Every structure is written in C-alpha cells, then in structure tokens.
Amino acid sequence: MSKPRKQHGVVVGVDGSLESDAAACWGATDAAMRNIPLTVVHVVNADVATWPPMPYPETWGVWQEDEGRQIVANAVKLAKEAVGADRKLSVKSELVFSTPVPTMVEISNEAEMVVLGSSGRGALARGLLGSVSSSLVRRAGCPVAVIHSDDAVIPDPQHAPVLVGIDGSPVSELATAVAFDEASRRGVELIAVHAWSDVEVVELPGLDFSAVQQEAELSLAERLAGWQERYPDVPVSRVVVCDRPARKLVQKSASAQLVVVGSHGRGGLTGMLLGSVSNAVLHAARVPVIVARQS
C-alpha cells in the first residue's frame, strides 16, 4: 500500500533572494517529476527586534504585505517557467504573517519535501548557510533540499548522477531511500559513497587496511542489495574509500547533479543536531543537497 500524500506536496520557502529564486525553479521541477503540487510560501516576520526598541510607522505592515505578495508572485512565475508549458504542475501559494522558522517547521510536517535557498537576503556572505535554512535542516519533519544560486557548472547536468553518503546508520538508510527515489525519477545513475575513516590512516598504527577495506565494501553491497531490487531501473556505482566522509562527498559532488546526506551520522546524538558531515557538505558543495529527515 502506498503512503498517503501530504497536503502541501513540495514546499518552497522564498524571500526574494537569488538563492530562493533558484530554489523555486528546482522545487518546481522536482514537484513536476513527482506529479504532486508545489506550494510557494513566504513568511512575513512581523516581530523584528531592534536595540534600542524603536517604533515602526503604521505603513510598515502594509509595505511588508505588498513586498511579500510581489515575492510570492515572482517565485510562482519562475516556478512555472522552469517546468514549461508542456508539463503539468499545480502551484499553490501562501503568505503567512508569523515567525519564519517555527512556521516552516510546522508546514514541513505536512510536506513531502521543503526546498530553501542556501542563504537569504540577510546573509553576510554567500559562503554562509542562512539562519532559516540552517534551522530547518535540523528541525523539519521531512527531507530538506538546500539550493545555491551559483551551482557548479556540470557538463550535461540532466544526466549527471545522484550522490549519496552511506555510513550504516539508520539516518543514512533514510538518505539511501531518498537518493534511490530521486535517481529513479531522473533516470540517472546513483553513486553510493562510503568513506570509512574519520581520521588519517597514518593516525591508525597497526590497522589491517585491506581487511577493513574488504569488510567496508561487503557491508555497503549488503546495504544496497535490497534497494537495488526495489529500484532495478537505477544503475548503482559503489565507492568505498579510506577518507573523511565530508571531504570525499564534496569532492565527488563536483560531477553530480544532487547530493543526499543524512541529518546526522553514527555520532549523531539527537534529531535536533546536524551532523558534522552533513553540515560540511551543505556549506561546501555547490550543487543541490538534500538532508534526509522525517517526522
């Protein structure tokens, strides 16, 4: 029995930045591939704190609403253009007056995926992950895709593979599920990466490298076997290396169209924390990154 669809489909949070424009386009394409609705959301943050406190003019709220409507309208236009007239896509939009992070977390509980730009208009530098994106990848009730406006230029991007990091944790099993689904919908290869050392080999005296490598390769093959039976249309390549996971994933992402990681790995303490590998990949990869989460 297939699981029931969530009411919001793919949700894109927009704020008028270049990154959110890119997110609207990517989210629309993903929603069209899934044949589910796209919901464009802009949250007007009426609770703006200053020090010392200062009064805002009465027209402030009107200006915020007008700007919000323009942001939503532009994002909807970009989303429809990204999909094209020959593909069917149901697009809804919401303008919400509230606090951005709690609102988006609540919406995520009824979404198949949330898509956000890597940094918003308030970002100090494009190398930083925006505060809303950073919070959502820690707290959302569904997978979160983070999109850059300056994605790396990849030859023939539509045929580039999907990349997934696997470390044997339950969360990486969820990432594997998301990655197979995305690769199947795109009709591309899946590259499964297992980098099994968080330290340099020279720091591990007496290590039987060949034995560990062989065991790691066997473990990855076993992890993937069931998924390959479920998705026989997805060609799979396995990469098993003695390397730091984040470094290898970022390196391999240069030739991928999408990277999928778990929200935290074997060392993750709780669902509220973002693992060091996921955090590093989100900041360093220049292609879309999905952080696999669930409610």
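Here the Cβ of each residue, glycine as well, is placed from N, Cα and C on the backbone.
As the structure is a computational prediction, the values presented were derived from the model and not from experiment.
The feature ATP 1 binding site is assigned by Swiss-Prot to G13, G117, S118, S119, G120, R121, G122, A123, S131, V132, with similarity to another entry given as support. The secondary structure of S131 (ATP 1 binding site), as reduced to three states from DSSP, is helical.
The ATP 2 binding site annotation in Swiss-Prot covers G165, D198, G262, S263, H264, G265, R266, G267, G268, S276, V277, S278, and the record cites similarity to another entry as its basis. Residues within less than 8 Å, Cβ to Cβ, of G165 (ATP 2 binding site) and separated from it by at least 6 positions along the same chain comprise S172, A175, V193, H194, A195, P245, L249, V259, V260, V261, G262, V277, V281.
S118 (ATP 1 binding site) counts 30 other C-beta atoms within 10 Å of its own C-beta, drawing on all protein chains shown. Within 10 Å of the Cβ of S131 (ATP 1 binding site) there are 14 other Cβ atoms, across all protein chains. DSSP classifies V277 (ATP 2 binding site) as helix under the three-state reduction.
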